[in-house]
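Undergrad: Pasting the feature list from TrEMBL:
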ACT_SITE  B:K79  active site, charge relay system
ACT_SITE  B:S154  active site, charge relay system
ACT_SITE  B:S178  active site, acyl-ester intermediate
DOMAIN    B:24-460  domain 'Amidase'
Amino acid sequence: MIKKDDIYKLAELAKLSIHEDELEVYEEKLNRAIESLEKIKEVNTDNVEITYNVNQMKNPLREDIVRESLSQNEVLKNTVEEQYGYFKILKVMD
Amino acid sequence: MDIINLSGWEMREKLLNKEISSREIVKSHLDRIDKVEENINAFITIDKEKALKDADMVDEKIKNGENVGILAGIPIGIKDNIITKDFRTTAGSKMLENFTPIYDATVVKKVKENDGIILGKTNLDEFAMGGTTQSSYFGPTKNPLDETKIPGGSSGGSAAAIAAKEVALSLGSDTGGSIRIPASYCGIVGIKPTYGLVSRYGLISLSNSLDQIGVFGKDVRDAVLMLNAVSGHDSMDTTSINNDIKLDIESLVDSLKGMKIGLPKEYLDLEMDPKVKEEMDKAINILKDGGAIIEEVSLPNIKYANEAYNIIVCGDASSNMARFDGIRYGYRAADYETLDELYIKSRTEAFGDEVKKRILLGTYLLSGQRGDEYYKKAQKVRTLIINDFNDIFSKYDTIICPTATNLPFNLGGSRPSKYYNYNEAINLAGLCSISIPTSKGDGLSVGLQIIGDRFKESNIIKAALAYEGMVK
C-alpha cells in the first residue's frame, strides 16, 4: 500500500509536484494499479532467463572518426533561453 | 470519379497513367479536410501549402519522365510522436506544444524519398500513453464511423484520418496495441511489424523494447505498400535488424490451402461483445472455407501479459520522460528560483494526469528492491510468454484472435472492465500482427487479428490478402 507520504517521496524523485487536492486521487489510482500487478508474483520464474530484448543484439562498433553533426544553432533552436551559444539556466555556483 | 474514395495504390496507378495529377490528389484530400476535420480532429498540425508544393514537385518529376518513389503522390498522415524536420511535433502534449524538430525520423525520411506527400501530424494519447486518444492535450479524436465513439488509440488520429478519407496512408506506433486497436475500431487495416523491422530513430520513446512504428491503410495492399516504403535496416537504430525484408505482394496472393492457423483457447475464454463473437465465428469459417487448417492451441502464460506489460511500460516511461527537463527543448515554467524548481514546475505544469500517473508508478516499481521484485520478474514472465509463442510457431504459420473483444465505446468513457485483451503479449514477444476489418457497411467495425512469428510478415499478409478477397 502506498500512503500519502510515499507519493510525495515518489514525486520528489520524479521531479513532479503533487498538489494537496490531487493527493487522494493519486493514492487511489496508484494503489489500484499496484494491486492489479500482484498477480504476477504467483508465476514461478525459478531458473527462467530474463528477456531485455527480443532480438539478439550486438553493439555495432565503428571507428572513432569525427562526422558531421548538428550545428550549435540548430541544437539551440528549441530552447527557451540561450546566451553566447549555450543553453541558459540559473547560476548554480557563486 | 471521387479521388478520396480510391485506395492509395489506386491513386498511385492513376497518377503514373497520367489520369490524375498529384496536385489533384492532394487538393481533393485538403478539400475533404476542410469539410470534416473540425469535427473529427484527427490532426494536430496540418501544412496545406507545403503539401501542395510537394505535390507539384511530384507532378514535375512525372512530366520530366523521372522515376518516382513507391508512395508517389499519396497523401499521408504521420503520428505526432514521430519527429519531422521543421514541422511541429507535439506527441499530444503541452510539453512539446512549440517543439520544432531539427531532423527527420528515419521513417519520415523514407516517406519523403519515396515521394509520399505528408499532409500533417495526427492526434494521439499524450506521449502515446493510452488506448482512446482522449488524453491528448489537443482534444479527443472522433471515430468517423460513429462520431459519438472513440477511435481507439493511441494512434487514433492516424486511423481516423484514413477512415474519414483525409489521407490514404498513415504511420502509427504500437507499444501494446496502439495501431491494431484503432485500426479495428475505425474499420481499416493496421500492421504492427516485427520488432526491429522498421527503424525507430526519431520516434519519441515510450517503452524501448516494446515500441514499434507501423502502418495503416484502407486495405491490405495499401498497408503493405506503406510498410515496404518504411522498413529496412538503419544504422541510427541499434535495435533495427540488418535484414532488408521487402514483401512482394503479387507472390502473396495465394490460396490458404494448407496454412496452419492456431486459435488460442485463452482468447476464446474471454468475454466478448456478441457482435465480436459473431464476426469471429464467421471469420473462422471463412478461413476454413479458404483451405486453412484451424486448430485450438494454448498460450498458458498469456494471462500474465497485462501485468508484465504494465510493469515494463511504466518503468521504461518513467525513465524516458526524464529527458523532459525544460532546458534543451519543451515547455519551461515562467517562474522559478532554483534549478530544481525549474524542473519540477515545468514538468508539473506541462504533463497531463495519465503521464504523471505512469511516471509515479514507474518510479515506484523501479525504486529500491522493487526493481527485482517487479521489473525483473516481468522480464522473466516475458521469457515464458515468448516460449509459449515459439512452441506454437514451431507447428503453426499464424495465430488468429479478435483485435478487440469489444466495440468502440462512447467518447468520455473508458473500456468496460469485463472486456479484456492480450494485445500486449504480441509486443512482449516482438511478433508481427495485422488487424483487418471483418465486415463493412453495418455501423461499427470488428477487427480480425492475424499474428505471425518474428520476421514472418509474409505469412500474415498472405492470410490477410486471402481473407480480404473472400469478404469483399
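Just so it is clear, glycine is given a Cβ too, placed from its N, Cα and C backbone atoms.
Automatic, uncurated: that is what TrEMBL annotation is.
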Undergrad: Only counting partners 6 or more residues apart, tell me which same-chain residues put their Cβ under 8 Å from the Cβ of B:K79 (active site, charge relay system).
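TA: Those within reach of B:K79 (active site, charge relay system), by Cβ under 8 Å and sequence separation of 6 or more, are B:K121, B:T122, B:L124, B:A128, B:S155, B:G157, B:S158, B:S170, B:L171, B:G172, B:S173.
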Undergrad: Any idea what the model's mean pLDDT is for the domain 'Amidase' (B:24-460)?
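TA: Within the domain 'Amidase' (B:24-460), the model's average pLDDT equals 96.
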Undergrad: Distance between B:S178 (active site, acyl-ester intermediate) and B:S154 (active site, charge relay system) at the Cα atoms, whole Å?
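TA: Here the two Cα atoms are 5 Å apart.
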Undergrad: Looking only at DSSP and grouping its letters into three states, which state does B:S178 (active site, acyl-ester intermediate) belong to?
TA: coil
Undergrad: Within its own chain, what residues at least 6 apart in sequence put their Cβ under 8 Å from the Cβ of B:S154 (active site, charge relay system), listed in sequence order?
TA: B:L124, B:D125, B:A128, B:M129, B:G130, B:G131, B:T133, B:S173, B:T175, B:S178, B:P182
